[in-house]
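J.: What follows is a single structure, and I will ask about it in a moment.
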Amino acid sequence: MKIGILTSGGDCPGLNAVIRGIVLKGTTSYDLEFVGIRDGWRGVVDADFFPLTRHEVKGLAKVGGTILGTSRTNPYEGDRGGAENIKATLAEHGIDGIVAIGGEGTLAAADRLAKDGVNVFGVPKTIDNDLGATDYSFGFDTAVNIATEAMDRLRTTGDSHQRCMVAEVMGRHVGWIALHAGMAAGAHVICIPEVPLSIDEITAQVTSAFERGRAPLVVVSEGFKLKGQEEAYSDKGLDAFNRPRLGGISEILAPEIERLTGIETRATVLGHIQRGGSPSGFDRVLATRLGLHTADAVVDGDWGSMVALRGTDIVRVPFADALGELHTVPLSRYEEAAALFG
Ligand code: F6P
């Protein structure tokens, strides 16, 4: 059986470890043959394939990015897109099925293609940790470690100058990175998309920390909205899925905090640094296990579903489970962290 592997959507530390896991198990335990598909669904539509052997995946568990490249191409768009064209392209190249590694947009496309008769299996990916079907997604732990390390650094310079430091992390719809990195770094207030706060609620914590002689650290998710704010802050236009490009809310909050408290305040947007570089040990193991189980699922012909982490087990779930509700931060988790604010 010949299987194509693609990575699609925003990249994430651990993508290469998944690819390696699939290819190693698929070629050693089973007699699978693999092709790499370049740049996500773009490579499917354009038939941009190359042989993917054990040789190509050697040493990949620790390597950031994706050797396959990625894009935000919609497989239903363009002259050569759509399920019927894709089935014909795959048949022409003797490809029996596709493993699609991606987030919400990728899995939605995979779900539609599977319903239209294309053999697709999924591996969930998101540093935001916002997919409903899986307890944790690979890339999240690495992002938290990077953000924590950055905040530790912000705290030492903040301490030297007695400044308030505002650290902005990724998290379009959910605040997992902010919650975990903020707790780890001892933030004095954490602002997440699930819990709108007023500027007065934020400055009350900042002032309280400052009056205790601390240099306040405010952690904010890019998708955070102040009370009364309808949309998350965006001044960079739309992405390929017509979603607003987020980033910059910290630059709005910092001068307001300074104006209302009189404390000199600086903003830092961590941005794509959180998605780059080597995956953490945890993410290497999780991504590799997802890859190994994917090889089993492909041999079983379990198309139309994806692997997921439940507790410590890797399970298979239908695409629909990942596409239903977002994996948001429960209020109880936020309140737990809030006991440490101020
Ligand atoms: O979905 C993951 C994510 O990292 C979001 O937090 C962020 O809004 C988005 O990707 C940014 O993606 P890009 O700038 O690569 O299009």
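All residue numbers here begin at 1 and follow the chain in the order shown.
Keep in mind that glycine also has a Cβ here, set from the backbone N, Cα and C atoms.
TrEMBL does not curate its annotations; it predicts them automatically.
Not measured: the values here are computed from a predicted model.
Okay, so TrEMBL annotates it like this:
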ACT_SITE  D128  active site, proton acceptor
BINDING   G10, R72, T73, G103, E104, G105, T106  ATP binding site
BINDING   E104  Mg(2+) binding site
BINDING   T126, I127, D128, R163, M170, G171, R172, E222, R266, H272, I273, Q274, R275  substrate binding site
DOMAIN    2-297  domain 'Phosphofructokinase'
SITE      G105  site 'Important for substrate specificity'
J.: In terms of Cα spacing, which of the binding-site residues E104, G105, R172 are within 10 angstroms of D128 (active site, proton acceptor)?
T.: R172
J.: Quiz question: given the binding-site residues M170, I273, which has the greatest number of C-beta atoms lying within 10 angstroms of its own C-beta?
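T.: It comes out as M170.
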J.: Give the maximum pairwise CA distance in Å, whole number, for the residues G10, R72, T73, G103, E104, G105, T106 listed as binding ATP.
T.: 13
J.: What binding-site residues among T73, T106, M170, R172 have a C-beta sitting less than 6 Å from any atom of ligand 1?
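T.: Among T73, T106, M170, R172, near ligand 1: M170, R172.
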J.: Could you tell me which three-state DSSP class R266 (substrate binding site) falls into?
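T.: Once the DSSP labels are grouped into three classes, R266 (substrate binding site) ends up as strand.
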J.: What's the CA to CA span in angstrom from G103 (ATP binding site) over to T126 (substrate binding site)?
T.: 6
J.: Residues other than G10, R72, T73, G103, E104, G105, T106 within 8 Å, Cβ to Cβ centroid, of the ATP site?
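T.: Those within range, site residues removed, are S8, G9, G40, G102, A109, F241.
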J.: According to DSSP, does I273 (substrate binding site) sit in a helix, a strand, or coil?
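T.: In three-state terms, I273 (substrate binding site) counts as helix.
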J.: Restricting to the same chain and to sequence separations of six or more, state which residues have a Cβ under 8 Å from that of G105 (ATP binding site).
T.: S8, G9, R72, F241
J.: When you rank G10, T73, E104, T106 by Cα distance to I273 (substrate binding site), which of the binding-site residues ends up on top as the closest?
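T.: Considering only the listed binding-site residues, the nearest one is G10.
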J.: Neighbour count, 10 Å Cβ-Cβ cut-off, for T126 (substrate binding site): what number do you get?
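T.: Total other Cβ atoms inside 10 Å, all chains included: 27.
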J.: Check the Cα-Cα distances from R266 (substrate binding site) to the binding-site residues G10, T73, E104 and tell me which is shortest.
T.: G10
J.: Sort out the sequence-distant neighbours of R275 (substrate binding site) for me: same chain, 6+ apart, CB within less than 8 Å of its CB, listed by position.
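T.: Non-local contacts for R275 (substrate binding site): G10, D11, C12, P13, I127, G139, A143, M170.
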J.: Roughly how many Å separate the Cα of R172 (substrate binding site) from that of T106 (ATP binding site), to the nearest whole number?
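T.: Given the Cα positions, R172 (substrate binding site) is 16 Å from T106 (ATP binding site).
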